[in-house]
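Trainee: According to Swiss-Prot, the protein has these features:
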ACT_SITE  335  active site
INTRAMEM  146-175  intramembrane segment
INTRAMEM  275-310  intramembrane segment
TOPO_DOM  1-9  topological domain 'Extracellular'
TOPO_DOM  30-33  topological domain 'Cytoplasmic'
TOPO_DOM  50-53  topological domain 'Extracellular'
TOPO_DOM  81-86  topological domain 'Cytoplasmic'
TOPO_DOM  112-121  topological domain 'Extracellular'
TOPO_DOM  139-145  topological domain 'Cytoplasmic'
TOPO_DOM  176-179  topological domain 'Cytoplasmic'
TOPO_DOM  224-232  topological domain 'Extracellular'
TOPO_DOM  265-274  topological domain 'Cytoplasmic'
TOPO_DOM  311-315  topological domain 'Cytoplasmic'
TOPO_DOM  373-378  topological domain 'Cytoplasmic'
TOPO_DOM  400-405  topological domain 'Extracellular'
TRANSMEM  10-29  transmembrane segment
TRANSMEM  34-49  transmembrane segment
TRANSMEM  54-80  transmembrane segment
TRANSMEM  87-111  transmembrane segment
TRANSMEM  122-138  transmembrane segment
TRANSMEM  180-223  transmembrane segment
TRANSMEM  233-264  transmembrane segment
TRANSMEM  316-335  transmembrane segment
TRANSMEM  339-372  transmembrane segment
TRANSMEM  379-399  transmembrane segment
């Protein structure tokens with residue numbers, strides 16, 4: 001049976017655009033065919049998880065049923081008359097929401113094969129489930145339509161790797177039909193993003209990831225015996241080649257996901273906004289935006305508020321420091337259970353905390369450090385970009401291969 005992985009090759013887009021034609025025509029005529037969109041999404045989900053991927057399909061089905069019941073039960077509890085909004089019930093609901101992905105992430109620590117609960121996109125579905133539970137807790141979601149929640153949870157264009165959307169924002173788009181003029185603008189943007197995505201993923205991503213990266217990795221492994229910790233100039237080449245591959249491959253995928261969403265009348269948030277910014281904190285706020293904002297809103301802000309409420313740390317500076325440390329440690333663990341993902345997260349926390357410390361120091365000693373381009377931030381491809389590229393070298397796992405294999 002035909003198996004199609006999201007945005008894997010140009011042939012995939014031929015099937016996708018043909019299937020989307022009724023949706024596009026309907027939008028231009030001023031109506032949305034929810035029934036067709038549901039069938040279309042179901043067919044493409046089946047094509048992702050059929051054949052040898054069927055075990056993942058069964059895991060996805062079990063995950064969806066479990067979490068639909070979880071979210072529905074928590075919503076009913078939270079909105080019933082006289083609800084005490086128990087913190088214990090909330091924590092239990094969040095814990096159950098992340099239980100599947102936690103099992104999948106940590107199973108390789110105890111056995112040589114992955115968990116039977118794993119499937120493509122489990123992390124991104126978990127973000128949607130947990131984010132919805134937290135917004136129900138806050139009272140932001142006062143009306144939860146389970147059919148619309150299913151559409152949100154299984155929204156096909158973004159199911160495998162985001163961008164991460166929010167239930168309330170998604171439903172606003174899902175419930176309305178954009179006027180023809182606005183939809184024409186969405187289609188124009190979608191075409192632009194598709195073309196740019198092809199350039200990024202299938203051309204530049206191929207150059208960095210297929211043509212250059214294996215060559216410099218081979219040179220780095222061959223020269224590791226004559227250098228301290230195996231570090232040599234070819235390792236620098238690996239750092240830049242992998243950083244280029246990671247950016248263009250993932251940015252290309254994200255552009256595809258946003259473009260297809262636009263064609264369906266859903267304005268999924270962008271994942272990148274001029275990411276090679278001057279300051280580390282700005283770069284991280286422009287790189288994989290939806291993930292950064294999710295962690296900021298649902299982990300960092302809540303953890304900082306919790307520390308301040310319970311007066312764990314009196315200093316706001318140290319509160320922010322600990323908040324960033326916890327945030328990026330969790331983000332590192334989310335990527336995987338290996339040491340280099342954890343170090344990657346802690347390294348990013350260090351970069352942001354050092355940047356903030358420098359800006360505070362400069363402000364305190366402004367007579368000696370005037371506010372100008374030289375003191376406010378390094379140039380885009382000097383200190384900041386090199387530090388971030390080094391973090392991607394850590395993230396790649398190549399140092400683990402270089403040192404331990």
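A Cβ is built for glycine as well, from the same backbone N, Cα and C atoms used for every other residue.
Please situate the listed features within the shown structure.
Mentor: Residue 335 (active site) counts 15 other C-beta atoms within 10 Å of its own C-beta, drawing on all protein chains shown.
Counting residue by residue with DSSP, the topological domain 'Extracellular' (1-9) contains 0 helix, 0 strand, 9 coil.
On the 0 to 100 pLDDT scale, the topological domain 'Cytoplasmic' (30-33) averages 92 in the predicted structure.
Panel annotation: around the topological domain 'Cytoplasmic' (81-86), residues 137 of the same chain, lying at least six beyond its termini, place a Cβ under 8 Å from a Cβ of the stretch.
Remark: secondary structure over the topological domain 'Extracellular' (112-121) totals 0 helix, 0 strand, 10 coil, with classes taken from DSSP.
When Cβ-Cβ distances below 8 Å are used as the criterion, the topological domain 'Cytoplasmic' (311-315) is approached by residues 322 of the same chain, each at least six residues removed from its ends.
Per DSSP, the secondary structure of the topological domain 'Extracellular' (400-405) breaks down as 5 helix, 0 strand, 1 coil.
Beyond the ends of the transmembrane segment (10-29), by six or more residues, the same chain brings 4, 36-37, 40, 43-44, 177-178, 180, 183-184, 187, 194, 198, 202, 260, 263-265 to within a C-beta distance below 8 angstroms of the stretch.
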Trainee: Which residues of the chain, 6 or more past the ends of the transmembrane segment (122-138), have a CB below 8 A from one of its CBs?
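Mentor: Long-range Cβ neighbours of the transmembrane segment (122-138): 59-60, 63-64, 67, 70-71, 74-75, 78-79, 85, 90, 93-94, 97-98, 100-101, 104, 144, 149, 152-154, 158-162, 164-168, 291, 294, 298, 302, 334.
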Trainee: Tell me if the transmembrane segment (233-264) touches the transmembrane segment (339-372). I count contact as 3 or more CB pairs below 8 A, with pairs 6 or more residues apart.
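Mentor: In this chain the transmembrane segment (339-372) does not contact the transmembrane segment (233-264) - fewer than 3 Cβ pairs sit under 8 Å.
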